[in-house]
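Engineer: In case it helps, Swiss-Prot gives these features for our protein:
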BINDING   Asp8, Asp9, Ser39, Asn91  divalent metal cation binding site
Amino acid sequence: MKILLTNDDGVHSPGLAALIKKVSEVAEVVVVAPDREQSAVSHALTLHHPLRAARIGANVFSVEGTPTDCVNLGIHSLLSYRPDLVISGVNRGANIADDVTYSGTVAAALEATLMGIPAIAVSLVTRSAGEHFEAAAACAAKLAVTVHQKGLPRDTYLNVNVPDLPAESLLPPLITCQGKRSYEGTIVDKVDPRGRNYYWIGTTDLSFEDIPGTDYHAVSRGHVSISPLHIDLTNHASIEMLKSWELP
């Protein structure tokens, strides 16, 4: 099995280092990852300037670009073969509920899926530096073997979130759906020493709806959450209702 690894925390992140270590035990690994942190870039693709890549290890490439760039460049140029699987992570911080729409980690898995390659995004549920990246990486490695053996439904990729706990303390994985988060955005508005305004986009304390069966419900109770995500964003349940509208 040959696996392409990437992330959005950057090529030198501890989560990626843990993933390399654990996945290398079950597969041949090549890393194509951003040269710096690219958190919250979602599915951004670099189109207005050239991409540059540097080989910084035997099978490790650092790219001046987004996670989506890395998957594109890896599959279409840097690798001499088509990987059997793409794994993105281990992200520092959860990618659950509505946050998946912002996530560069999840978007890298989406990009691989668009190319017809099975993919997994894996994140460590923590608001601090994170302690148990290896436990999350071990979960990803085990799941990679299962996905390689069984395959995934068409246009489907997996979003995995692992509580920041020692491996022996993790509860069994649960198959979940995407949850819901309540956003109360804030803008930090300041003035620099030259009298110019500058801003930071921030949020107040975040809250999630604790709904049984969701990713948040699982991880908040110590379970590993595995959510099957899909390329098709259509709300199929609303189609018939919208057809009844008197559209202009």
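Including glycine, each Cβ sits where the backbone N, Cα and C put it.
Keep in mind it's a predicted model, so treat the numbers as computed, not measured.
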Engineer: Would you say which of the binding-site residues Asp8, Asp9 has the most Cβ atoms within 10 Å of its own Cβ?
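Structural biologist: Selected residue: Asp8.
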Engineer: Under DSSP, is Ser39 (divalent metal cation binding site) part of a helix or a strand, or is it coil?
Structural biologist: coil
Engineer: For Ser39, Asn91, listed as binding-site residues, tell me which one has the smallest number of other Cβ atoms within 10 Å.
Structural biologist: Ser39
